[in-house]
Amino acid sequence: MGGRRRGAHDENYSFVSPVVKYLLFLFNLIFWVISLVMVAIGVYARMMKHAEAALRCLSVDPAVMLLVVGVLMFIITFCGCVGSLRENICLLQTFCICLTVIFLLQLVAGVLGFVFADKARNRVTVMINDAIVHYREDIDLQNLIDFGQKEFGCCGGVTYSDWSQNMYFSCEPDNPSRERCSVPFSCCVLNKDENVINTMCGQGMQEREYTEAGNHIHVNGCIDKLVDWIHSNLFLLGGVALGLAIPQLVGILLSQILISQIKDQIELQNYNLKHRDDPWR
């Protein structure tokens, strides 16, 4: 009788920990909801834009980046949610592999960015110049550039004359734009003592000498300012990188633990089925 009680106990025993299972489910559910919000914002931002203008600056559109990241996160966290809830090894392995690949790609990108800093700088320069060209075509991109120039106190990519690449600010003699040879208002040096802000302070600044223009606008490019900011905030960036890495590592660890427990549970069930009629159990 004692043997039969142990057999019954073995059949009811589970290696799968409810704590691990539902903790992984809750972990994925939170990021799944975040991904839905990101996708909704990205879709809304794309729909609010003029179709032709959006297609021309597709490579630098913040809404597209938000949409891509949101969809990718949605798929991965969906696998994690369903896999943990249904104890599905295939979905859990897919979730774990995706997180591992993303983590390794981030790590490689960080190392390559540090090792090939000059090439990364050139790539950033190309991206900023491309953004300058499409400045007036995308309101989200325009707001992003204006925010960066105000926060860093800079103008253009390398120097303020980079704004001549934009068709509205170009210094070409045949440019009919009223903003010819100007720079955006976000380049202006604002005086807090002024009662009335001159929103036209960037008018014709590209035609002025570097020293003279510096009295009214920020003449240094945003790339140098960005590099200086990175060098002075390495600990902050390290903390952000760690904050992004920890949830990924936690997800990988929990999924591996749950996969191992599910495999042990399957082995126990197979053993019970194989020895169900064993009189010595």
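Cβ atoms are placed via backbone N, Cα and C, with glycine included.
In TrEMBL, annotation is done automatically, which means it is predicted and not curated.
Record features (TrEMBL):
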type: DISULFID; residues: Cys154-Cys187; note: disulfide bond
type: DISULFID; residues: Cys155-Cys171; note: disulfide bond
type: TRANSMEM; residues: 22-44; note: transmembrane segment
type: TRANSMEM; residues: 64-85; note: transmembrane segment
type: TRANSMEM; residues: 91-117; note: transmembrane segment
type: TRANSMEM; residues: 234-259; note: transmembrane segment
**Message:** For a quick check of packing: other C-beta atoms within 10 Å of the C-beta of Cys154 (disulfide bond), how many?
**Reply:** 24
**Item:** disulfide-bonded residues listed as Cys155, Cys171, Cys187, least Cβ neighbours within 10 Å
**Value:** Cys171
**Request:** Could you measure between Cys154 (disulfide bond) and Cys171 (disulfide bond) for me? Cα positions, answer in whole angstrom.
**Result:** 20
**Item:** Rounded inter-Cα distance in Å - Cys155 (disulfide bond), Cys187 (disulfide bond)
**Value:** 5
